[in-house]
Amino acid sequence: MLKRFFLCVLLPLLLVAPGIADAEQPDFPLFFVEQANITIDGSADDWPLALPCFLASDSQIRNGARKTPQDFSAVLRLFFDANNAYLFADFADVTPLNNPFAGNDIYKGDALEIYFGFHREDEATAFGAEDVQFGLGLSGKGVESWVWTNGQKLDGQEEMKIAPKEGGYALEARIPLTQFTPTALKSGDPVWFDFAADNNDGGADRATQLVWNGDGTGWQSPAVWRKGRLTSDEQPFKAAYIFAPNQFFTTQFHQVYVWFDGKPWQGDVNIGEKTMTTDEQGKFDYTPEQKGQQTISAEIGGNVVAVNINVESKKREKIIMLPVHPIKVNQWGYLPEEQKRVVLTVDPNVPLASTAFSVVAMQGGKSVFDGTLEGPTLDEITGDTIYAGDFSALTAPGKYKISVDGFEKSYPFTIADDAHRGLFYATMRSFFLQRCGVEIKDSSSKVAHPACHLNDGVLKQDESVKRDVTGGWHDAGDYGKYIPTAGVTVAQLLALYELNPQKFAAFVLDLPESGDALPDMLNEVKFELDWMLKMQDNDGGVFHKVNTQNFPGGVMPEADTLTRFIYEKGTTDTAIFVGGMAIAARVFAGVDAAYGETLKQAAVNAGAFLLAQKELLWPSNDNTGAYKSENADDELFWAYAELWQLTGEQQYLDAALPLFETLAPIFAKKRPVFGWENTTTFGLYALYLAEKTPADVKERVRGLLLADADATVATIQNSGYRMSLVIGEFAWGSNKTACAKGMQLVLTSNYVEKKAEYEHAARTQLDYILGVNPLSKSFLTGLGADRVRYPHHRVFEGSGVVVPGLLSGGPNNNAEDGAYPGGLQAKGYVDSAKSYASNEYAIDYNAPFVFLSGYFMK
């Protein structure tokens, strides 16, 4: 946690400036009265003294953007009585009261997010029992509440009033605290708090988020909230204050407010050699021109009040990324016999001196291959002007770079028979480093932590009931464990194993189990399957996830000690469980018959649960994400198709075929990619491969899969970078989508019709991930010259150690985290730990990449 400025306090409580809370900062005074007597009518005329919290400066924008400072800002006031919090918020908003959203999504519209922590003196890095995040969605219809920490609305006892006004609106609210803390408040109590104001300008998501005190991560960690202190003494509220944002950036707009005797103060304020005059609201605007330490001071009531600020460069965070390299190659390597392609991106306004390129040996620097670049062509997705060259004829093992006149040489790459073995080893072994419930002490990666989450977990719907759901893999950059991603991940890994069991039988992953009767790859998958079995209830239904109510901060897994809940059973969760278990039963039947039978019975029991359900089951969420698809048709189709292939029982075909009729035209039109979001493709493979599937159905499935593969190949061949993605697919997990398209090409080639063009196109997706992309970025940790160095991953945040072999989500046009600009399509990515939208890992991201690297390795 960084301290952005220092306070210079000349008299007790003479100076307060909002900032990230720490031990040196005085507690923010919050007025307290035993029992308040005010009317909630949208006016603050009957309010007691309360210091304002200003959300107005550019440096407080944590998500999105605003066209001008006048478009959106807010001023908030807060006080308490024994059992209630009172809020008054004054919004300036040129597009007021836009919020058609409900529940967990209310932050996407005009909303106020509120963070409270009660009855603790010390800073906390994770949510405790009396820490809460809730929101008020604000629209012309009124106020819609949501408590993200428990996944439900406020208890209905609150009073709220919106008062529209010219240029915006006001909100007054009384929030009973008994739903958050069992103990009444009293003068002297600490209260940790923060606010975020969300603005929607008519779009499908919020346009701007302003945060008063924290850095935008307060929904994950209370460490960035401000510590307040309840007091019934009016004197602190009449003292002199300079209210400044906790960060200043050159060339950005900031507002500074001066307060005295409980109201705005007008007068001269000095900043270095400059003199500014506050207006009737006690404010002045300030846009620093130079970075460095500066002092804001004023003489108020016979005393000098001063605050030191630190002005930083205009970039809110230091984003450490290597420049985009004009010469793009696979930064890991190629097999000698593989197709090899280099892409050169050029400025269309600068003539290319020569189209000649050469491959230069790293040792000795001599050219070993000369070729000619073809082009220029325009890449439609990016607008880039590119040339491309083929050096497939170079087969000699070695380490090389590409050289083009007038450009820096490319990143290095290898040609070798074992080129892909390192890729498969690192990415498959990353699942071991994600294990939960066991000690990890890995000498090669330096990843180390004690056994974690040994108390998983208690039922969400009945906290008196505990189940043992320890084990499994941490799902992503957080420590949750989710059935949807687990099911599709094991399915893809085992689909790879099924294609060539002999290849993986002796492949060593250096696991604790290495050397036992099972192949290492199956040992690692079994670790996740064992956890999945624990998630199945006695009636066959499967619980959705295991996690805390809120994401932990950037801590190691053993420090994530809050209660972990087992969320309700779900239809799609149970169906995805069936799909993964059925494939696992087939695979393990040949290596461990008893375990294979256990998996088969689990799949059958879950199938029986699904067949018996009359209504769809959707689990609750809280604030740790939900893998919820649009409907359950595709998951149920996959489940029944897999059970049909596994057992040959007619009831499963009877259940699958009506769903096939529904999904077939959708698949033909939209061509969904396999993943937890849509499982149709694996259902089609299962239906096609089942021995007794009617011939006419098989022929229709064949047509769908071949048409999908042909369309994917056409997309790849029409892309200058050989990307399989199209506009609309550069979203959350785009790298997963690219790899899954390659995986489907491989499966279709192996199971439907063997075509070299399918496999060549699939192989290009490895190149895309490893550097032949518009950013010349290897999207993996530990692999490639310009690899991911700052993943959104709590082990990295907690220890500084990067877990190797993790695939980041990749380019995301929507930039939901605000860590980079939106609208960049294939270039919407930043290598930053703050970017959960583009730089977080997940087990289901890695799965299709592992599939491709394992399939193409020798």
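Placement of Cβ uses the backbone N, Cα and C atoms for every residue, glycine included.
Listed features, source TrEMBL:
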type: SIGNAL; residues: 1-23; note: signal peptide
type: DOMAIN; residues: 57-227; note: domain 'Carbohydrate-binding'
type: DOMAIN; residues: 326-407; note: domain 'Cellulase Ig-like'
type: DOMAIN; residues: 424-852; note: domain 'Glycoside hydrolase family 9'
type: ACT_SITE; residues: D831; note: active site
type: ACT_SITE; residues: E840; note: active site
>> Using a 10 Å radius around its CB, how many other CB atoms surround E840 (active site)?
In response: 21
>> Just to be sure I understand the packing, how many Cβ atoms besides its own are within 10 Å of the Cβ of D831 (active site)?
In response: 22
> How many whole Å apart are the CA atoms of E840 (active site) and D831 (active site)?
Replying inline: 10
>> Taking DSSP as the reference, which of helix, strand or coil describes E840 (active site)?
In response: strand
